[in-house]
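A.B. asks: One structure coming up, written as structure tokens, with questions to follow.
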Amino acid sequence: MELFGQFLVDLPLDFSDLLAMGGSAVDAAIGALFCNGLVNSQSMGLGGGFIMTMYMKGKPYSLIARETAPAAAHLRMFSGDQQQSRTGGLAIGVPGELRGYYEAWKRFGKLEWAKLVEPTVKLCGEGYVLSQPQYESLLFRPSISEDPVFSQMFVDPETKQFYRKGTVIKPKKICDTLRTIMIEGGNAIHNGSLTTLIAEDIEALGGLVSKEDLNNYKADWMDPVSITLKGGEKVYSAPPPGSGPLVTYILSILDGYNMSKPTDLDEEILTVHRMLEAFKFAFARRTELADPKFVNISQLVHNLTSSQYAMKTRLRINDTRTYNEPNYYGAVFYNQEDHGTAHISVLSKDGDAVSVTSTINLYFGAGVTSPGTGIILNSVMDDFSIPGVVNYFQLPPSPNNFMEPGKRPLSSACPTIVVGADGEVKLVVGASGGTKITTVVAWVIMRHLWFGEDVKQAVDASRIHHQLAPMEVSYEYGVLQQVIAGLEKLGHKTNRYKERGSVVCAIAKNGSIIFGNADFRKGGAVFGL
């Protein structure tokens, strides 16, 4: 069947209806983000932030609506207690989610604002079905049951246990908040009736986000980072503080090998080895990325999008061995891990595309809510490198990512759009999964463009990952053991994933036919017109 608009997300509603009503790709993405913040509230929502890549009328755009450090934030605010950066009031950064929606809608929206919120308001009132991933997230963070809003949403008053998968959830407070946003518009949180309420709730939690912080928050329009591959495709991805430069760097390194699908075991081992080495060089550079409004990284970004720089790196890849010393790859500091995210990909009938990754960081953010609004509050402050405090994964800090008032922490998000030499969108891709996002986005692009795999094959294929620290290859069940043995002979240390890694949303276009794949690793749906 020929599709002329497609929408990919793990949601119970079909937001391609917004496209059918004459809405833009941005309208559809915003509608889905509202809904995702309800049914996947463990990963994203109004208390968080996002990074969006767009291709509209033949031009690329990036919108950075990631959370910022509050004006009162300072380097020693956690007093050596790393737990405070993850749980409770001090973990909360200034949310940018709603203001980002509003900025995107003002520039590229076609439908009335209320129409974007209305489907989620309706679902909220009727209740949504608790999914297996959300139930597992509740079990991962049981302490949230102490919060009154979380308790009302997810705890059975009779058993005092979390509701099980399949339970209908009706979160009254957030429903009321969504109705307010539907009426007041995108300033309701930042300059509206909810502003003082949220600020006072955060203050009561011991947080630093003030009413002035909410008033002053701005989402930033930026140019995406981009490269042109040998086949003529243009790759557009998120600029810092997103990790798009790492995707372009990996692809530029590997583009020089003229890669194609391996035809025998030796070729497959060599191909995977080269990919892993490119991942390692990319993660060495990740430690230097930062918010460009606070750290001058223009030369670094230039290098990571330069074919000449990629060629020099490629010459350092040894086909007969790997290296287990981080300094060989140029690492100065270890990487800061980030956490729970959600991703949406949209391709409309007019060829416009949106790739957007949203997050509240840890599962259920800071583990606290705004009682007056029902909004789950982020834990983005843990994404900053903190002097003297190792992060959640026991990694030492990177100075470029130290917090400052108004600064955004580094993110693994790299929503990406690939455009053919003819100017038509070929692939819309992004992922959730912390630091594994960067490698899997590059992985899917490579398999689709160079291996000739369709989008289902590319997304479903068993994955490999390397982030330099820990110094080991992570791989999924399904990777051939002969390949793993071959990598070990080259000196790689290997470790199979013990839990779900990354989750990809990808849409590919071939001529007039559009194909989408919702990653089986989490579940989801593809909607088309």
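Yeah, the Cβs are placed from backbone N, Cα and C, and that goes for glycine too.
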A.B. asks: What does TrEMBL list, out of ARG66, ARG76, as binding the same L-glutamate as THR359, ILE360, ASN361, ASP383, SER411, SER412, GLY434?
C.D. replies: ARG66
A.B. asks: Can you tell me whether DSSP puts SER412 (L-glutamate binding site) in helix, strand or coil?
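C.D. replies: Once the DSSP labels are grouped into three classes, SER412 (L-glutamate binding site) ends up as coil.
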A.B. asks: Assuming the binding residues for L-glutamate are exactly those in the record, ARG66, THR359, ILE360, ASN361, ASP383, SER411, SER412, GLY434, what is the maximum CA-CA distance in angstrom, rounded?
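C.D. replies: Across ARG66, THR359, ILE360, ASN361, ASP383, SER411, SER412, GLY434, the widest Cα separation comes out at 15 Å.
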A.B. asks: How many whole Å apart are the CA atoms of ASP383 (L-glutamate binding site) and THR341 (active site, nucleophile)?
C.D. replies: 13
A.B. asks: Specify the secondary structure state of ASN361 (L-glutamate binding site) as given by DSSP, simplified to three classes.
C.D. replies: strand
A.B. asks: What's the CA-CA gap between SER411 (L-glutamate binding site) and THR341 (active site, nucleophile) in angstrom, rounded?
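C.D. replies: So the alpha carbons of SER411 (L-glutamate binding site) and THR341 (active site, nucleophile) sit roughly 10 Å from each other.
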A.B. asks: Give me the count of other Cβ atoms within 10 A of the Cβ belonging to ASP383 (L-glutamate binding site).
C.D. replies: 28
